[in-house]
Every structure is written in structure tokens, then in C-alpha cells.
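Asks: Feature annotation from TrEMBL assigns signal peptide to 1-25. Summarising the annotation, TrEMBL assigns domain 'Glycosyl hydrolase family 13 catalytic' to 42-382. What TrEMBL lists as active site, nucleophile is Asp221. According to TrEMBL, the active site, proton donor annotation covers Glu246. Residues annotated as domain 'Alpha-amylase C-terminal beta-sheet' in TrEMBL: 383-445.
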Amino acid sequence: MAKFGLLSFLVCSCIIINAALPAQAQTASKVSKLSKTDPLNTVLLQGFNWQAAKSSSPWYNVLKGIVEDAADAGITDVWFPPPSQSHPNGPEGYLPQRLYDLNSNYGSEQELRDAVDAFHQKGIGCVSDIVINHRCGTKQDDKGMWCVFEGGAEDGRLDWGPWAVCVNDNPYTCGSGQADTGGNFTGAPDIDHTNPAIQANLSEWMNWLKSHVGFDGWRFDFALGYEGKLLGIYAENTNPEFAVGEVWDPVANGSDGRIAYDQDAHRQRLVDWVHSTGDRATTFDFTTKGILQEAVKSNELWRLKDSNGKPSGLIGVLPQKAVTFIDNHDTGSTQQNTWPFPPDKLILGYAYILTHPGIPTIFYDHFVGNMKTEIKNLTAIRKRNNINANSNCRIITAEGDLYMAAIDEKIVMKIGARYDVGNLAPPSPDFSIVTAGIDYCVWEKKSSSP
């Protein structure tokens, strides 16, 4: 989900979806186990776009069809869409209602479990999108507000009333909980995450997603909606193999209305958020996205080096907690296309994030499109040279039309329109070109080749 307010026009109404067979009554299937992947070696694939919920075929079955390609590309984890039944105004899953009802617009509960199992069979972890900042009610309270919640379980788990909603929530004034600890989301009632009962209920549900479905990790939607320390409680209670929060904080603009060069304050807010969780979660590197897309769009690759000579995004200061990405279902998909990476420069973005420190994410649309081979080449180079989230990045140059960096002194990469890099090219025969395309190139040290 995008920044709060983006879906403010979606107001929970009286339309209610009939609950499918309660989750506890479904026939159990084997939940496959997965060997733990070193988080520093994570390569994440977002397994959906904004239109996935409207697919003519169940999306979970579509996902099963890319398992082999994902494994061949060295993907370690795939990010699934929100798994629960959602309000009709939010078929994509970001207006959840009955959390224990896993029959959604993406497919049935059994199809979900089958897809998770298929990825596990190839050693790929499965990350569930967790939407808990807010929730849509299924019934009205005595004041006519939609603040009565049904959990979708026969035993009444996650059945809540107005007590679960933050007091003075806008526009849902039915709540009697504590004040909201984060940003307001106007599309559904904001949940009071300071309440120990809420924490226990949601932690139990998330642990059920692990044991019943097989999920290995979490992507927390709209993590700015409640304090990071509260998200840290959920991470501590559920012990995911991987956890990432969506902390979409607008980058700073200069007096000319364009993104400013200095984004130190922006990335520091991401650092502070990570620390507020007790370092139990990573976060999407919105700083790097903003800087990188402006740099390639405007031929201003000097933006990619900060005043200390380091990468200018979160990867320059806390790379092991920085989840880099080019686009996602909000920014570059068919939703609002709110903050897209320049479409003719996408491969330059991947040449950057797949060779650099941080935890890179590949967007579904890009993975299945005409860049698949180039992306696979880049992930193979990353894996072959053991490039990871904490790898060392030595920036060789960052000029308008040329950016070059050496990573762990094993590979050298270049992006930018300048073709002749002169004596900046790594020495031959020690290094040789292993992949190249329009405005990008990667050299590999021969000793690190197989």
C-alpha cells in the first residue's frame, strides 16, 4: 500500500462477503519446511502486481508457474500478496476483514498452501504481506459505525469490537482504544496496537500463518501507521526468517521542486525506524529508489555518491537492513503509477541494486517481462561472487553520465551513457566483461569466476 491517504476514498461500507468455510475446517495439507537462508544473502521477488487480484486464473496458480524461473534466477524469497479475505472495495487485500479466512481474490486457501509448498520444494522462502495497521468491520456497532470485526474462525478468534479501534480515529470515531501511535489511514479503522490483547491476537494469527500455511517471513504494510517498537513486538513474538517494513516517507525536494541531492535526513529516519523495532526488521530503501531514479532519468549520476564518498541511500549507512527496489505494486504497477522508475532505464536500476550492498527486490512485472535474461545474468553474478547485503562498495567515479563502483573488489560495474570509460576500466586480463547492455556493464575478476 502506498502512503497513508492514498486509499482514503475507500471507506468500509455495509457490503459484506459471506465467509467461506472457516480456516480450521479446511483439510490440512503438509506444510513443507525450509532450510534457513542467511538474511544477508536474500534476493527478494515481489510475486504480484496491482492487477493480480483481478487475474482470470487464480493468482496463486500463476505464481506456481514461475517457481522454476525463480529458482534458476537465484531468488531466495518470494513476497506474496495479503492472504486474507478483504473488503470488496479493496480486492487487492489491503482492506482486510476476516483474517482467518484465506479464500481471497488471489485464490483459495488450498491454492495458497500449494503455491507456498511449490516454492519451498525449490528452497525458496515465502513472505506474507501483513496488513494490520487497519481493518474493515463486518457489522455496525450501536452507533451505526462499521467497527465490529469478525475473525473468520469458528472459535471467535480475532472477533473484536470498537474497543480495538484507536480513539478519535478519523473518520471512524467509534473507537475506545488508546490514541494512534502513527499516521492516520482514512480508508478503514486504525487498530490500537498498544493493547496487549490485540498484540496477542495478531501474533497468534501470524504464527498460525507460519504453521498452517508455511509462511517464513513478513512484509509489514504501512509501517508508519504505528510505532516501530510495536511492530518489533510482532516480529519478536513470531520470529520470522525475514521481516521488512514499508516506511514510505517522502524524499526531500529542493527549491526547484526536484529531489534534493542531500537525502541524509531522509535515510536517517529509516535508520531510526529500524532501530525502533529493536533491529528486528529491515525496511525498504526508499532513499535509494528516489535518488537512483532521478539520477538515471536526468543524467545526474553524481547523485549516487554522498558527501562521504558512500552510496547515497540507506545502503550507504545501514546496508544490512536496506531492502532495495526499483518499483512495486504501488509505484510502477497499474494502480496510480505514483512514483515510477523511468521505464526506459529499468535495467540500469537493476544493474545497480543487484550488484550493490543491501537486499535487492525484483518486481514481478520486470521479472516476467523482456528483462528476464538480463536480470538472471545479474543475479548469477551476485551469487557467484558472494555479493551480499554487507558487501563493500568502493565508488570509482560518479559523474553526470558515468557511475562506476567496485564491489568487494570482485566485480566492477558501470551505468551511464558514457561508452568509453578510459583508464577507469578494470585492468585486463585480471577482469573481463561478464554481462553488458544499453548503458551498463559488469566486469568480473577472473579469480572469482568458476
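Including glycine, each Cβ sits where the backbone N, Cα and C put it.
For each listed feature, how buried is it and what is near it?
Replies: Within 10 Å of the Cβ of Glu246 (active site, proton donor) there are 23 other Cβ atoms, across all protein chains.
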Asks: For a quick check of packing: other C-beta atoms within 10 Å of the C-beta of Asp221 (active site, nucleophile), how many?
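Replies: Neighbour count, Cβ to Cβ under the 10 Å cut-off: 21.
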Asks: What is the separation, in Å, between the Cα atoms of Glu246 (active site, proton donor) and Asp221 (active site, nucleophile)?
Replies: 5
